[in-house]
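S.K.: Mind having a look at this structure? Questions to follow.
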Amino acid sequence: MALLDPHYPLGRHNTFRFEAAARYAAHVRAAQDIAEALTDPRARGLPVLVLGGGSNIVLTRDFDGLVLLMEIPGVQVGRATLDGRAVHTVTAGAGESWHGLVARTVADGLPGLENLALIPGTVGAAPIQNIGAYGVEIKDRFHSLRAYDRHAGEFVTLDAADCAFGYRDSLFKRAGADRYVIAEVTFALPVDWQPDTHYAELARELAARDIAAPAAQDIFDAVVAIRRRKLPDPAEIGNAGSFFKNPIVDTATRDALLARFPGLVGYAQPDGSYKLAAGWMIDQCGFKGRQSGAVGVYDKQALVLVHRGGGSAVQLMTLAREIQDTVHARFGVRIEPEPVVI
């Protein structure tokens, strides 16, 4: 049963480690706890915030509402046919560690998620952000999810089309933001798995390891090594991973920028557009390694903003806006934050 805790501190529940508090919080350890918490008379009419690992949120203030702390455990494996192909289905509770799930599936001989290793957070948050890394996104491995529909007052199952996935985007960041609370997610991992190593940085890492025909474990190990070199451990330095999305532009914009900036880093997309490396642009503007009081830009990866303790989310967002404005002034491209800002 979900009990509401008043005046609940959230410092331990966000990876930036910013201090904030919720009017009420409920530890959700089973699907039915969602409905119980939401129908508690004390929560009636209050805004609701769902928190998993807190790795994709910036808390700039106290939250005057109900926070659902998602802790639903459990992993189940099965088989199914999806679009005419055989898949392993892996259903995980929203509170399961994302990296823990990836490590478990790879170790159990269920490849498909290895490119997404070491991304912080929980399973329930993964489809909201359509997390992605090294050439693979959640949408590529998604089967369905079960969520509580706050409008209907019941649990529903949503497939990939329902979720309307986009680049670091989904239904749950738009029209469904205040409607659905994800309880569990089912992934479809191909039985006829083939390694996805087209991402240049991953290919270089595998080549450096003299691995020409990688197994899923090889890709997992390579991704973990790359991420550990580039990204700070949230347990040591407050951060939310990549803070800015890589902007997507049309071919004409990319060509015009390339003429002015020959070193521009960009990646062709299937629809003919280009995804530009926001980290490269931030670095070119001189922000990499810059510290502004207790917040700053990580010295090994310009996409990452950090909080070294004792600072505030307001300071962080001031720095973020300065970076956005400077990049826009120089390149004419607007970069947008990945985390949700409260």
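Cβ from N, Cα, C; glycine included.
From Swiss-Prot, here are the annotated features:
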ACT_SITE  ARG168  active site
ACT_SITE  SER242  active site, proton donor
ACT_SITE  GLU338  active site
DOMAIN    17-192  domain 'FAD-binding PCMH-type'
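Walk me through the surroundings of each of these features.
M.R.: Around the Cβ of ARG168 (active site), a 10 Å sphere holds 18 further Cβ atoms from the protein chains shown.
Following the DSSP three-state reduction, the secondary structure of SER242 (active site, proton donor) is strand.
Secondary structure at GLU338 (active site), taken from DSSP and collapsed to helix, strand or coil, is coil. Applying an 8 A CB threshold to same-chain residues 6+ apart, the list for GLU338 (active site) reads ASN56, GLN129, ARG168, ALA240, GLY241, SER242, PHE243, PHE244, LYS245.
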